[in-house]
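Read the structure below first, then the notes.
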Amino acid sequence: MDLYSFGPIALLLDGAYWLVTRLHEFVAPLAPEAGAALAVALLTVLVRTALIPVGRSQVKAELTRKRLAPKIAALNAKYKNPEVRQRKLMELYQTEKASPLAGCLPLLLQIPVLSAIYGLFIKPEIHGAPNTLLTETLGGLPLSGNLMTLLNSGEAWPRIGIYLGIVLIMAITAELQRRYLLLPVEPAPAPVAPVPGQPVMPDLSGLTKVMRWMPYLTVLMALWVPLAAAIYLMITTAWTLCERLLLRRILGAREAAAGQGGTELVPA
């Protein structure tokens, strides 16, 4: 079954094709040999600009988790009964108006965009018409080819260096994300069976482990997706790194200032 023929996904693909081709027409006079690649880059910037409010919410959730970490550790140490501990943790999250799952939205929202770009450079037809994007190149490399197929086809090394450069940039970005973006992981309490009438504390141990390796999984993904999708991944991962560091500095300073202000109002 072709997922791109499914109604909502086909509609998303049609919209993405229209937008990329319009952007291509806009930038083609400036860079005739790299117009489609620039169009994908512009699309990435537009998407990430639209997601800045979501990124801000992600960083706020991150700062909240960091602020609550000592309280969570204290609850884990104080309550040895799993059911009581689960209830107390949920009460803490509800009191602080926080969620252990907060911060996943930016990643989830980008999945449709990446899927659309992937489809744009593998589908021979879009909405019943020939897909003209399949003929586009960057430095002589087809935007529809991935690194493995390009290596097997005997592409010349000077040209294949474009793809390798993208992968190298992503690998460096992944390491910087691991060092500077991923917060230390607190040992998770053992999951317990749901208690009737009580909210369920989700078991995030598996998700936490996956998220710590996600930057490197993205690099591996870039080896197998079309060059156009690799360009999207390179720009969006670099954007994530810069955006998170900047927002952490801005929002962290505001939170620290608010905390100091609150302290000054407490009578001695």
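Our numbering is plain: 1 for the first residue shown, then up by one each step along the chain.
Each residue, glycine too, has its Cβ placed from N, Cα and C.
Pulled from TrEMBL:
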DOMAIN    37-248  domain 'Membrane insertase YidC/Oxa/ALB C-terminal'
TRANSMEM  34-55  transmembrane segment
TRANSMEM  98-121  transmembrane segment
TRANSMEM  156-174  transmembrane segment
TRANSMEM  216-241  transmembrane segment
Chain residues outside the transmembrane segment (216-241) and at least six past its termini with a C-beta under 8 angstroms from it: 36-37, 40-41, 43-45, 47-48, 55, 106, 110, 113-114, 117-118, 120-122, 133, 136, 138, 141-148, 162-163, 166-167, 169-171, 173-174, 176-178, 180-181
Segment confidence, the domain 'Membrane insertase YidC/Oxa/ALB C-terminal' (37-248), expressed as mean pLDDT: 84
